[in-house]
Amino acid sequence: MAAALKVFASLILVLFVLWLIKAEDFETGSNTDGSTVEYGYKDAIRDSFLWKYTIGFGGFLFLYVLALTALKPVFDEYTMLDGAMVNLLISGAGILGTFAGVRIGNKGTPRKPVLQLSGVMMIVFFARILVFAKVYPIVLYGCAFLSGFVMFVQYPIYMNLPHEFRGATPQKLTVLFGLFWAMGYAVETILKIVWSYLLGSAGYTVAMTFLISGSCLYPVLAGMLPETRPGVKNVSESKVA
């Protein structure tokens, strides 16, 4: 286990160095008339895109954070699964999924279908782990790998959405992402507190049902986001755009 973690850590370091060498700067979207539009925190709070984007991300984080942290002792206590192995498979597959997500994003594929399909698959594979963890532990390690893979296929695409809006100036993006990270993790924290309470008071089944239900915020709200791919109709009408 320790050796595998060292390999992954070394791989991340190598990729970071390659990114420093090969990364290219790019310009964010701009208004067609070249004008500058003020966008402050009050504007962001009134923007429905921010709420859909951050609450959806909170649902994603709920599954992502628990899968890689809090669920290890839960699996060890309540199931026949090796919690450490589940963590390793999800995180390892996530590296491959990130590469796939970057490649898909660079191809210009419409964003919403990828986000929704990946979100649903991520939850379905993980739900199978939770439901059948006491019956088919060996087979479910494959589900852990697949869940981790699709979990990170969508990640780079989701993070780039605001950059693809028309008029996405650095000032707007700074305001948006400042609130995005704070609000997204706030949603995740609230969900995790409720999950922890349910696990202690109502048991494994109720807590895991809540985990899957809370995670569904992600694909549901991802489906409500505007399509940002250039050339696709109905590109964002958000104030970010």
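Start at 1 and count along the chain as shown; that gives each residue its number.
Each residue, glycine too, has its Cβ placed from N, Cα and C.
These numbers come from a predicted model, not from an experiment.
Straight from TrEMBL, the features:
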TRANSMEM  50-71  transmembrane segment
TRANSMEM  83-102  transmembrane segment
TRANSMEM  114-131  transmembrane segment
TRANSMEM  138-155  transmembrane segment
TRANSMEM  175-195  transmembrane segment
TRANSMEM  202-221  transmembrane segment
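Long-range contacts of the transmembrane segment (138-155) within the same chain, counting only residues at least 6 positions beyond its ends with a Cβ under 8 Å from a Cβ of the stretch, are 60, 63-64, 67, 81, 85-86, 89-98, 100-101, 104, 114-115, 118-119, 121-122, 125-126, 128-129, 132.
Simply put, out of 50-71, 114-131, 175-195, 202-221, 50-71 has the most Cβ pairs sitting under 8 Å from the transmembrane segment (83-102). Tertiary proximity for the transmembrane segment (175-195) is limited to same-chain residues at least six positions away from its ends with a CB under 8 Å from its CB atoms, namely 39-41, 43-45, 50, 53-55, 57-59, 61-62, 65-66, 70, 162, 207, 210-211, 214, 217, 240.
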